[in-house]
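S.K.: What follows is a single structure, and I will ask about it in a moment.
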C-alpha cells in the first residue's frame, strides 16, 4: 500500500497517465482517408460539399471557442477540460460513424473544433502537478507520445485499408474503443491544486512563534521580496536560473524561512485580465519577439489551410479508389521526418537573432515552391513528395521560432504568447477560409485554392527575406561604427589608456 502511495505521489504517475491519454486520443487510423470516406458510398457526399460547406466549419468553431476554452482551462484547473476534450472527441467519431447529412457533418466539425481548442489543457496540465526540475522530461515524454500516436494511427490506417482488414466503418468503431480508453485514463488523472493565472501560488505571512509582540510581516512584502531563482525557458527547455545577487538570496532565504510560506490563492477575473493585458503589452513591446510572432501567425495560418485541404487535392490529382491507400504512409513519413528535423535543429550552432529572419524568408520560399509544384504537376507522387517537403520545412521553422520567442520568457508569459500567436493565426485562417473556401464566399475549387496558398507563402518569403537582409546590413553597419580605427587605437595605447 505504501508503494502505491509513493507511486501516486511521484511525478511519473501523472506523466504516465497523461502520456497514455495522449497516445490513445491521437491514434486516428481513418484520418488520412477522411476525404475518401466522406465522398465514398458510406456517406455519398460530393467533393464540393466537403470542401466548401463542411470543412470551413472547423475553422469557425475553433476560433469561436479558443479564448473561452483557454480561460476555462485555467479556471477549472486543466483536468475537467482534458476529460471534456475526450468526450468531444468521442462525439466527433460517433457522428462521423452514424450520421450522413451535410448538417450533421458540420456539427461534427464543430465538436472537432472544440477538441483542437482543448489541446491547451493537455499541454498545460503537466506543469501544474509536477516539480519544476521535471518539466523538461515530462514535456518531452508528453509531446513525443502524441507524435507517436499520430504516426501509429497513420501506419495502422494504411495497413488496415491496404490489406482490406477493416472497412471504414469498422475502423471508426475501433477508434471509438481507443477513445474510450483515453477517456477512462483522463478520469484517473490527479486534480491539480494550482494553475498559471486563476489559482496562482503566492507567498503569504507566517506567524513567528519565537517572537511575542514583534511586528507582524505584511504578506505582500513577502511576495515582493527577491527570489533566489526564476523560471525561464531557454532553447525550448525549462531551466532554473540563479540570481546573481548573493546578498539578496541570503536575505530571502533567511527572511522567507522565518516569516513566509507558500499557498495557492484564487485570483478574481479582473485581476487575471489585468495581469494578462500587462504581460501582453510587455511581451510584444520587444521588436524581435514581435517579428517572430508575426511569422508564426502568418505561416501557421497557411500551414493549417494546406494540411486541412491537401487530401482534396490528392483526390483531384488521381481520383482512383486505390491511390488513397498511400495517404497513411505519407502522413507517417511526414510526421517522422518533421520530428527529426525539429529535433536536429537543437544541435545547430547558428546566431538566429542575426540570420533567423533571413532563414524564415528563404525556407518559406522553398515551401511556396513545393506548393506550386504540387499544384501544377498533375502527378500524385510529386504531390506526396512536395507535401512532405513543405511539412518538414514548416516544422523546422516553427521550432526555431518557438526557441527564439521562449528564450527570455517565464512559463506564464510563454503560454500567453503561444496562445496569442495561435489566435492570430486562427483569425487569419478564418478570414482566408470565409473568402476563398466557403461556398458563401468565392467557393473556389481546389486548384485555385492551392495557387492562393502558394502565393501566400511567396508573400511571406519576400517579406521576411527583405527584413532578414536589412537585419544583416544593420548588424554590419553597427559593427563598423563601434569598431575603433587602428590609428586611433594606437594613439590611445601610447597615451596609456
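Each residue, glycine too, has its Cβ placed from N, Cα and C.
Remember, TrEMBL labels are computer predictions, not curated facts.
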S.K.: Do you know which of 110-127, 128-145, 200-217 TrEMBL annotates as transmembrane segment?
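M.R.: My reading of TrEMBL: the transmembrane segment range is 110-127.
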S.K.: With the ranges 11-31, 32-52, 53-73 to choose from, which does TrEMBL describe as transmembrane segment?
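M.R.: It is 53-73 that TrEMBL annotates as transmembrane segment.
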S.K.: Looking at the stretches 53-73, 110-127, 171-191, 358-378, 442-466, which one shares the most CB pairs under 8 Å with the transmembrane segment (415-436)?
M.R.: 53-73
S.K.: Six or more residues beyond either end and a Cβ under 8 Å away: which residues meet both conditions relative to the transmembrane segment (110-127)?
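M.R.: Residues 14-15, 18, 21-22, 57-62, 64-66, 69-70, 73-74, 78-79, 81-82, 84-85, 88-89, 91-92, 95, 135, 138-139, 142-143, 146, 189, 192, 195-196, 411, 415, 419.
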S.K.: Checking distant contacts: for the transmembrane segment (80-98), what same-chain residues at least six beyond its ends satisfy Cβ-Cβ under 8 A?
M.R.: 21, 25, 30, 69, 72-73, 104-105, 107-108, 111-112, 114-115, 118-122, 125, 169, 172-173, 175-176, 179-180, 182-183, 186-187, 189
S.K.: Which of 147-165, 171-191, 358-378, 442-466 has the most Cβ pairs closer than 8 Å to the transmembrane segment (384-403)?
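M.R.: Comparing 147-165, 171-191, 358-378, 442-466 against the transmembrane segment (384-403), the winner is 358-378.
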S.K.: Cβ under 8 Å, sequence separation of at least 6 from the ends of the transmembrane segment (358-378): give me the contacting residues as numbers and ranges.
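M.R.: Apart from its flanks, the transmembrane segment (358-378) reaches 295, 299, 306, 313, 317, 350, 352, 386-387, 389-390, 393-394, 396-397, 400-401, 447, 450-451, 453-458, 460-469, 471-472.
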